[in-house]
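*Asks:* Just dropping this structure here.
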Amino acid sequence: MTGADTLLTCRTSSTAAHIGVGISGQEGMQAVLSSDYSFAQFRYLQRLLLVHGRWSYLRMCKFLQYFFYKNFTFTFVHFWYAFFCGFSAQTVYDEWFITLYNMVYTALPVLGMSLFDQDVNDRWSSQYPQLYTPGQLNLYFSKKMFVRCMLHSCYSSLILFFIPWAAMQDTVRDDGKDIADYQSFALLAQTCLLIVMSVQLCLDTFYWTAVNQFFVWGSLAAYFAITLTMYSNGMFLIFTSYFPFIGTARNSLTQPNVWLTIFLTSLLCILPVVAFRFIVLQLRPTINDKVRHKLRKEALPAPAPRRPPTRRISTRRSGYAFSHAQGYGDLVTSRRFLLKRPLRSRPALFSQTDSPLAQNQPQHYRTIAEEQEDAQSP
Amino acid sequence: MVKEEKEIANRPDNTAFTQQRLPAWQPMLSAGIVIPGFVLIGLAFIGIGVALFVTSRSITVLEIDYTGVEKDSPCYKCSDADVKNCVCNLVFSIDSLFEGPVFFYYGLSNYFQNYRKYAASKDDDQLSGDLDAFTAPSDSCSPYDYNSNDKPIVPCGAIANSMFNDTFKLYRVVNGAKKLVPLDGKGIAWWTDYNVKYRNPSVTPLKNAFNNTVKPIFWPKPAYQLDASDPANNGFINQDFLVWMRRAALPDFRKLYRRITEGDYAKGLPAGNYSLTIAYNYPVLSFDGTKKVVFSNVSWMGGKNEFLGIAYLVVGSLCVLMSIVMLIVYAKFKFPEED
């Protein structure tokens with residue numbers, strides 16, 4: 001939208017439309033200042049919607065789903081433990097873990113996924129506009145998906161509690177000493193939880209850049225580093241009552257049955273997800289899956305032909321609207337802005353008959369930058 | 001030209017990071033990875049499951065409940081709450097050599113050491129030997145911080161107060177005569193508990209540190225007299241006290257009492273008749289709890305726990321089954337190539 005008459009439209013856009021887009025141009029900067037997004041030429045709208053809008057929707061939905069999943073699982077485990085601790089609201093995990101779980105251990109990985117994830121890259125996004133339909137149909141995050149996420153959390157929490165519970169019944173260390181104590185159980189449960197969450201995030205991510213892999217594995221390494229530090233002698237001697245878990249990591253993480261339990265729990269949470277996704281991929285592949293499959297096989301489609309960098313010879317920049325002036329209606333209806341002189345190596349121009357979009361052709365762009373030169377020709 | 005500079009100034013960065021063109025791997029769940037992966041994981045799990053199951057089977061456990069609920073139980077006479085200093089005798093026999101080292105546990109059930117208020121009811125500063133906390137116990141110990149005469153309780157709190165106080169003596173019956181089996185109580189708690197977490201106040205004799213304090217209400221003797229035979233086993237670093245303070249995660253638990261490793265019993269408990277003399281002090285019937293003794297040996301996977309072995313076997317088989325299902329699905333509904 002351009003011009004001050006669309007100022008009001010942009011401002012009320014949140015009630016009617018999803019976003020307001022302003023084009024900075026000849027009629028001033030009013031629309032730009034009051035819109036959610038702004039750019040310089042109308043043709044960039046395609047990229048905004050099909051590439052960035054689509055990615056944004058995908059990332060937002062994945063973020064929401066993962067965030068609900070990790071927090072519901074975390075909470076449901078406490079719910080199951082309530083049956084075994086006299087409903088006294090005793091936490092399963094170490095209190096420091098609870099504090100740091102959302103702040104440190106799972107913060108950066110989620111951020112990495114939300115910033116960098118893409119399903120197909122920008123050129124394929126432009127080539128297959130049908131990929132935009134899931135966003136319009138609200139497919140990736142709806143009430144149904146929320147309920148599915150809750151059920152998945154429920155299942156994961158059952159595994160994350162009851163497998164350690166069963167494995168720790170009446171068991172001891174390999175030298176006969178205690179391992180079924182509260183602190184070892186907490187450490188076991190929290191390690192299982194974090195490993196499952198990290199692997200689940202990796203499964204959810206389609207686009208594995210070095211940055212988000214560093215975030216994921218770095219956070220897991222940070223968990224072990226921080227935990228071992230907090231359970232060390234030094235921290236206990238300095239802040240005695242804040243670090244009561246001293247010695248727990250040394251005494252329980254050296255036991256093979258603890259690691260076997262962690263291994264079993266993690267795989268039992270992850271493998272059904274992998275199997276389910278694989279089977280759904282075979283039985284009901286979405287347009288998204290098909291394009292991603294094609295992407296792996298074929299080279300990138302030809303990019304939109306690059307037109308020579310244009311100079312906007314716009315002289316009439318001003319901060320005031322021209323709605324009281326005659327406007328550009330005459331210019332538009334006279335069709336003088338259509339290019340008449342032959343192009344050097346460019347295919348067809350603005351032909352109003354068939355839409356390139358419908359034919360899945362790469363969209364070729366035109367500009368109206370040369371209007372000043374054309375102003376002379378009728 | 002001014003306009004050129006203005007354009008370049010407004011132009012966004014064109015790096016891979018800002019334009020979201022970072023080099024990346026885009027994995028997709030393909031049949032070539034998922035199906036063999038499931039098969040491999042399934043086979044590995046089955047292997048581990050077999051090892052765990054076989055190991056668990058080779059561990060011997062002997063459990064004897066001595067709560068005394070039934071009338072014909074030897075400890076029935078002790079189960080009455082009014083009887084004090086009751087002693088009862090459990091007789092049992094072992095068929096074949098119980099391989100050593102044999103570990104002797106006491107077990108409690110329906111006992112919620114993981115109850116939140118109970119678990120918080122201790123003073124870590126007191127237990128690490130801080131004398132300031134002796135005179136002023138933390139209020140997390142309440143109502144077991146001061147007694148009715150307002151004297152500080154050391155060690156304060158419900159966990160210390162509820163310390164298990166049944167004692168056991170094991171005899172082997174040989175030709176009608178009872179022969180005492182030596183029980184070893186050294187090093188039954190975690191090394192870090194004994195050496196780092198719990199420290200006695202550095203006052204000699206230890207008794208002086210406890211001046212102007214009282215023992216916990218349910219204790220027969222104060223902390224500095226917990227073990228008359230071994231001076232290094234008194235105060236907060238008494239092994240039985242440490243084992244008790246390491247509170248259990250679940251309501252049915254076992255705690256290590258002694259080890260049987262010395263003398264004639266280094267190889268284990270030989271077959272024969274045994275008699276266990278129990279000083280029954282600890283009341284559990286008021287909350288429907290039970291008490292038992294457990295004799296067990298251990299292996300690389302710890303105590304007898306058949307769950308892990310069975311779970312690994314089940315999950316391994318399910319993985320192999322799933323891989324067959326996925327193979328069938330993949331073969332029939334192959335991913336359509338056309339879009």
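Keep in mind that glycine also has a Cβ here, set from the backbone N, Cα and C atoms.
TrEMBL lists these features:
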COMPBIAS  A:350-364  compositional bias 'Polar residues'
DOMAIN    A:32-286  domain 'P-type ATPase C-terminal'
REGION    A:350-378  region 'Disordered'
TRANSMEM  A:63-84  transmembrane segment
TRANSMEM  A:96-116  transmembrane segment
TRANSMEM  A:145-167  transmembrane segment
TRANSMEM  A:187-208  transmembrane segment
TRANSMEM  A:220-246  transmembrane segment
TRANSMEM  A:258-280  transmembrane segment
*Asks:* Hey, which bits of the same chain come close to the transmembrane segment (A:145-167), Cβ under 8 Å, at least six residues off its ends?
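*Replies:* Distal contacts: 61, 65, 68-69, 72-77, 79-81, 84, 92, 185, 188-189, 192-193, 196, 257, 260-261, 264-265, 268-269, 272-273.
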*Asks:* Under a criterion of three or more Cβ pairs within a distance under 8 Å and sequence separation of at least 6, are the transmembrane segment (A:63-84) and the transmembrane segment (A:220-246) in contact?
*Replies:* no
*Asks:* State the residues, same chain only, that lie 6 or more residues beyond the ends of the transmembrane segment (A:96-116) and have a CB under 8 A from a CB inside it; answer 'none' if no residue qualifies.
*Replies:* 59-60, 62-63, 66-67, 70-71, 74, 186, 190, 194, 197-198, 201, 204-205, 207, 209, 211-212, 215-216, 218-220, 222-223, 226-227, 230, 243, 245
*Asks:* The domain 'P-type ATPase C-terminal' (A:32-286): mean pLDDT?
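*Replies:* Its mean pLDDT is 92.
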